[in-house]
Amino acid sequence: MNPLIFIMLILTIILGTSIILTSTHWFMIWLGFEMNMMAMIPVLMKKYSPRAAEAATKYFLTQATASMILMLALIINLMYSGQWTIMNMTNNMASLLITIALTMKLGLAPFHFWVPEVTQGVSLQAGLILLTWQKIAPLAVMYQIFASINPNLLLTMALLSIMIGGWGGLNQTQLRKIMAYSSIAHMGWMTAIMIYNPNLMLLNLLLYILMTTSMFMMFMYNSTTTTLSLSLTWNKTPLMTVLMMTTLLSLGGLPPLTGFMPKWMIIHELTKNNSVILPTSMAILALINLFFYMRLTYSTSLTMFPTINNMKMKWQFQNTHHTTLLAPLITLSTLILPLTPMFILMT
């Protein structure tokens, strides 16, 4: 793909998300989603292969279906309210359809089936955009209309997403699929707290993007896509292998790393609102996620698979990826738990 065309597509994706973030008119929000989808499809197929074409087709069909449901909901809402403003949600059927459309775009269970398949079929760069930037727009719309969403429906989807995100990642050997199931579980945590404290959802989203970006950048640096190739990284970059281990544990939510902060704050907020069964269930299901992160950590850092070459790579095979952003990203992904009291006061 021509680099200029690729830059134009990325700018279109950013523009589509920006339109959604700044609009209070439903038609402009729908238009932003369409711009985002149409620009994302060529990005998914940047490195053309039959698998990438299949992934792009699955992405298009899912997103187009969600957009169709969203437009149907907007027309129903217009019939009953006579307005296009985002704050004026008066019809329960329209609210239900909008929730279904947004959760499809977000990849929440039970509409999660496209996320692992699409992520596995594309490059690491496209997978990073899909699992981070593309989550911002649906969550931003849900943030604005959370008062109109059925809380029982959203909490059921959230709990189901945490459960499926944990179970789905247990038997995976492909790193992109593992990160996709991790994304489903994290989206479940975010939507669970949205009804009680939407600002906490934004903090959770920020930390999730930081940790996921750190992991994908380390995967790209080492050109690893499977657990087997990940287990051989100690031979090339021993320091980065240790950093990868801590970032993985942070994604799993193990204290005293950054990833423990959002889980701690969400459980604290839920118990403060007299909810006991929900945070207990979420904490138990989070252990499944932590288990497959621990398994990845074990195969990455605590085992040394037999290899013929125990020396560093030859100069002509040295990796040329830039690592300027990795240091601050890894630091933020692992070491900002002490700032938790400040964030609790802010939210």
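Every residue, even glycine, has its Cβ placed from backbone N, Cα and C.
For reference, Swiss-Prot has these:
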TRANSMEM  1-21  transmembrane segment
TRANSMEM  25-45  transmembrane segment
TRANSMEM  59-79  transmembrane segment
TRANSMEM  96-116  transmembrane segment
TRANSMEM  122-142  transmembrane segment
TRANSMEM  145-165  transmembrane segment
TRANSMEM  178-198  transmembrane segment
TRANSMEM  200-220  transmembrane segment
TRANSMEM  242-262  transmembrane segment
TRANSMEM  274-294  transmembrane segment
TRANSMEM  325-345  transmembrane segment
Interface present between the transmembrane segment (242-262) and the transmembrane segment (200-220) (three or more C-beta pairs under 8 A): yes
Two-stretch contact, the transmembrane segment (122-142) and the transmembrane segment (25-45), at least three Cβ pairs under 8 Å: yes
Candidates 1-21, 25-45, 59-79, 96-116; stretch with most C-beta pairs under 8 Å toward the transmembrane segment (178-198): 96-116
Same-chain residues near the transmembrane segment (145-165), Cβ under 8 Å, at least 6 residues beyond its ends: 86-87, 89, 92, 95-96, 98-99, 103, 108-110, 112, 181-192, 194-195, 198, 278, 281-282, 285-286, 288-289
Distal contacts, the transmembrane segment (274-294) - CB-CB under 8 A, six or more residues away: 155, 159, 162-163, 165-167, 169-170, 172, 178, 182, 185, 188-189, 192, 196, 248-249, 251-254, 263, 266-267
